Amino acid sequence: MRRSEVLAEESIICLQKALNHLREIWESIGIPEDQRLQRTEVVKKHIKEEGETTILQLEKDLRTQVELMRKQKKERKQELKLLQEQDQELCEILCMPHYEIDITSVPSLEELNQFRQHVATLRETKASRREEFVDIKRQIILCMEELDHTPDTSFERDVVCEDEDAFCLSLENIATLQKLLRQLEVRKSQNEAACEGLRAQIRELWDRLQIPAEEREAVATVMTGSKAKVKKALQLEVDRLEELKMQNMKKVIEAIRVELAQYWDQCFYSQEQRQAFAPYYTEDYTEDVLQLHDAEIVQLRNYYEVHKELFEGVRKWEESWRLFLEFERKVSDPSRFRNRGGNLLKEEKQRAKLQKTLPKLEEELKTQIEMWEQEHAKAFVVNGQNFMEYVTEQWELHRLEKEKAKQERQLKNKKQTETEMLYGSTPRTPSKRRGLAPSTPGKVRKLNTTTVSNATANSSIRPLFGGTVYRSPVSRLPPSGSKPVITSTCSGRKTPRGVKHGANEENLELNGSILSARTFKGFQI
């Protein structure tokens, strides 16, 4: 075999080895099959290239590719190691399992990308848990300060005293933190409630014992806050006031009785319900009586708070009803028409509004009371009476009073009419009082152009105190002992002028009233 043929065969063998080596590298670095085919196709093109690349050039190209791939392998290995270190650190802080990946082989680009995403998720989880941990820790420290609480467990010391970066941010630890915070907040709430209860007790004792303002100012500093030292100071003040209370038993009991009466009024207690609490009326001011009063005031206070909405509704109805009755009274008062400044129009608007709102308020109360009675299985009473029955009774009484007033007016009008028919009437429109000017003797009045004699039985004449007296058409007998009344005819004949005016006067007694009248010649008023 010639030497050239031997070289050609060696070249083919070297090319085959190079291709095999390339495939091994591609496999080791995780190049997919389709990319391997593409790369093999590229090598093939280099071999079949125009210009007939020499074997040396081909070898050079292949070596270049091999170096590039080795570099990629190294970079991927380094990144894999770095990601593993980060994953280990984050998993230790978060108490989570490590990311599973084959570290003996070169990771593919896809595997590295998934690993990067996992590490990024761990970082976000760490940041979130750390933020929650710092916030919970801050609240725990505040609660401990408020309660004057010193960390007494290893976990509490780890939270409060140790470095924040050293704390394990596991889900279990975060849950334990939240539980610890809830426990401290419950204790804080209980402490605040206890302090508020002591303050309320202090204020109540201050009022009952009539403690002066300057003495109250001495403990003003502890009337806010709920720390342990504040609670202790409040308890000391309560103990001091309780001792004073025992020394001023009568004064305290009388103060409680005033408060009891206020609650009775607010709860609409009937007289029977009030009398049921016998200690209220005793004159023995003992500790037992005081305790009974304290228990009764607590029971009443709770009763009022439970039914406060209903009692306020009843009170609102009572106020509206009282105002409604006031407007109804004003309607029948004639003097209201003499108002100034538009008060009458304003009152009418308010009255119309009340006529609409009262029934609506009653319906709302009826619904609430029915629900309350179903819930408590007993009747809701006001002043010892079922409230809705009381409302119905008030409306009925109002109706009866209006009917009674109407009948009284009718009876009064009837009596007035009868009196006017019998004795004459005075016009309602006031007229000026006229003096007793001398009348011309013998003159007659003209009415509707007809001359009527003053002696006519149903004629109209002017009385002594002004106004016109209208004679009743009923024929009357002359007064006892007086002359008969001479009735003149309408003949147009003038009365003789020779009669002197005011010659005679008589007193006429009508229904017990003495009227002064003048006697004219020919007839008598």
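Each residue, glycine too, has its Cβ placed from N, Cα and C.
The feature coiled coil, as given by TrEMBL for the ranges 20-54, 55-89, 125-159, 440-474, sits at 55-89. Here the coiled coil (55-89) has a mean pLDDT of 87 out of 100. Remark: secondary structure over the compositional bias 'Basic and acidic residues' (407-418) totals 12 helix, 0 strand, 0 coil, with classes taken from DSSP.
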